[in-house]
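A.B. asks: Dumping the structure here so I can ask a few things about it.
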Amino acid sequence: MKLLVLGTGGTIASAKTEMGYKAALSADDILQLAGIRREDGAKIETRDILNLDSTLIQPEDWVTIGRAVFEAFDEYDGIVITHGTDTLAYTSSALSFMIRNPPIPVVLTGSMLPITEPNSDAPRNLRTALTFARKGFPGIYVAFMDKIMLGTRVSKVHSLGLNAFQSINYPDIAYVKGDEVLVRHKPRIGNGEPLFDPELDPNVVHIRLTPGLSPEVLRAVARATDGIVLEGYGAGGIPYRGRNLLEVVSETAREKPVVMTTQALYGGVDLTRYEVGRRALEAGVIPAGDMTKEATLTKLMWALGHTRDLEEIRKIMERNIAGEITGS
């Protein structure tokens, strides 16, 4: 049994500086500080590919991480990626679309407290990730606070608390208790050949609808992007009274994809439920269903990386690719 830990930085790798915490430690440092032996149930090797606060992560970095993961499949039985928590859910979603049919467990983890701090959650999360990488099943997952969650269903829900991640609109995959993996929900596992498909178009914007949002602001943003994710209210809909955003959306949706998600954490979008939602559908808006905001954004980037045909993009967004959407 041979595992690889890929270091990318984040709080888990941070040390104090005059400007606050900054990513500074290697993956090897993290293992040593966590008290994890290289032969602790498996031979563990480390490799550092980035060392960044995850606020600084860009789509190009997802490709770098994805390539490192894909190229390691033949040599390792499981992979753990240490990552900052702020954009971890974006990275786990992006990797899930770029890497098809992973043959081994790929587990992202991080911590809310640096591993150099007393009572850090880093050792606990790292051990959880390594245990699942050793005993779990193929796919891309997030390990946090003893939970294993599907990579496309995770959102960060707390900015400071240790239990910072939840699986949204989808059950937890498993729990890790000591050296034991307690499976709760086994996802669909592809049996095709592994494929690395990293084509992304990062020129996508996410806009949260708020009362008073100017149509001219929305129009200006729409002109500068290749696709838009609109975060609407509740089950979804677009204002058309007073400041008429629906008119702008209708114009935009004739030329580029406009996808609607919701500001509500749970439940997803149903544009058939209310009149404001049906008007959005008639305007050409693509519903995100019960996808997370992170999965919606990264999936749209991935779709645009493959085609500009609006009907094809709609089909991609509505199709379940990596467990990100229910009922497709």
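Keep in mind that glycine also has a Cβ here, set from the backbone N, Cα and C atoms.
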A.B. asks: If I go by Swiss-Prot, which of Thr11, Thr128, Thr131, Thr152 binds L-aspartate at the same site as Asp53, Ser54, Thr85, Asp86?
C.D. replies: Thr11
A.B. asks: If you run the three-state DSSP split on Tyr274 (active site, charge relay system), which class comes out?
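C.D. replies: Reduced to three states, the DSSP call for Tyr274 (active site, charge relay system) is coil.
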A.B. asks: Let me check the 10 A CB neighbour count of Lys156 (active site, charge relay system). How many other CB atoms are there?
C.D. replies: 19
A.B. asks: Return only the integer: C-alpha distance in Å from Asp86 (L-aspartate binding site) to Thr11 (active site, nucleophile).
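C.D. replies: A Cα-Cα distance of 9 Å.
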